Amino acid sequence: MTDDTWGLLRKRLLKTVGQNNFTTWIEPLELDQVDGGVATFHVPTNFMGNYVSQNFADLILHEFNKSGEAVQRLAFKVAANSPTRPVQPTMSEAIEEPAPLQTTVVDQLGNQEGNTSVKSPPEDLQAAPLDPRFTFDSFVVGKPNELAHAAARRVAEGGPVTFNPLVLYGGVGLGKTHLMHAIAWELKERNPELNVLYLSAEQFMYRFVQALRERKMMDFKHLFRSVDVLMVDDVQFIAGKDSTQEEFFHTFNALVDQNKQIIISADRAPGEIKDLEDRVKSRLQCGLVVDLHPTDYELRLGILQTKVQQNRKNYPDLKIADGVLELLAHRISTNVRVLEGALTRLFAFASLVGREIDMDLTQDCLADVLRASERKITVEEIQRKVSEYYNIRMSDIIGPKRLRSYARPRQVAMYLCKQLTSRSLPEIGRRFGGRDHTTVMHGVRRIEELKTIDGQIAEDVEMLRRSLEA
């Protein structure tokens, strides 16, 4: 096998595993030789060889065979001056009597009981681990996520299946994975015998590819169709992967026909996932589809207050000055993970230097985070987006006309300017045809009132906010 052939394989692997995984795990591999059906690689460490063997061997073998290379297993050895100790190879030969597979939540959490008699592919299915921090008790509920939280609670009660599937979608760091883990924990607590399988869509694809290669599709089908609850995270990963979507579709149908619960998460609504087959979209949309909206100020502040109480266990003597949490909730608005990470950094830094967490320390410690989180949305951008959304001219928003069809979008634009920019009310008024600050204040308050009683206005504002912050 030539280096050029391995180079082509690497390019295909890059497309499959993504840039981060490729850079970390595939790029360091140095092909030594292909001989007797064994592809041998040099790796920097035994750990890397073992990790690649467990997580990427299926894909690498698949690509070898697609290229016409009769590779049946991979071997890894550490490049060193001393004699190298080969890493345990990954076998591709079919095993006649594979070991039983543990598929319940109890097994995934490290408990040794509950083995099923389901036969598996040669390697046990590595279900995604559950984070013990992600429970319903630790989930902070606010208006942006209250519906998703209520739906997750209902499913976790484990009674009759009322909506199937439950699809949770939203941007990064809004709580999808937290709710997925919380559901699994609650189901486990209520019924330890329940057969719950939680995994990522990426893991589903890897197991599918392995089953195809080893001609173990019946085992694969039996495994996934014998669960009581199937939970698949980040379903958008299978978009564009036709064979995987085909099997996912049939698995989905089989479980629904058995009245088994399915819970899915995605980074956007099913109908908006590019390259996802229409029939899969249709299936996902036939249950309850719930959006986790971007956090508002009150929810972010509540999350910070909860995290402070949790951090008190490790930092009982630290003090936080008034206004610090409010500053963070106001300035870090797009990603809860960044928000929580900022607070963790603050606690660690203050503890190391022995200082109170005040405004000065916050500005010094989090200068990069606060700078990156500064709002860069302009008044003009908001005016343009709002006029496009309501299909009116930008001059009508700025102009003097007081028709309802112009006045309401104008008030929405003023409200968004107040929320998403640092402009003062008089400055905003000047950008809206020279209006004074009292007019802007009235418009802002009017939209705040309407959001609570008019679902359409609330949806309009949220859609525009997400569009502007994207």
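Placed from the backbone N, Cα and C atoms, the Cβ positions cover glycine too.
Some features that Swiss-Prot has for this protein:
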- G173, G175, K176, T177: ATP binding site (BINDING)
- 1-79: region 'Domain I, interacts with DnaA modulators' (REGION)
- 79-128: region 'Domain II' (REGION)
- 129-350: region 'Domain III, AAA+ region' (REGION)
- 351-470: region 'Domain IV, binds dsDNA' (REGION)
Among G173, G175 [binding-site residues], residue with fewest other Cβ within 10 Å: G173
Binding-site residues (K176, T177), the one with most neighbouring Cβ atoms at 10 Å: K176
Composition by DSSP (helix, strand, coil) of residues within the region 'Domain IV, binds dsDNA' (351-470): 88 helix, 1 strand, 31 coil
Extra residues within 8 Å (Cβ to Cβ centroid of G173, G175, K176, T177), ATP: G170, V172, L174, H178, L179, S265, L292, V336
DSSP-derived helix, strand and coil totals, residue by residue, for the region 'Domain I, interacts with DnaA modulators' (1-79): 43 helix, 18 strand, 18 coil
Assigned conformation of G173 (ATP binding site) - DSSP reduced to three states: coil
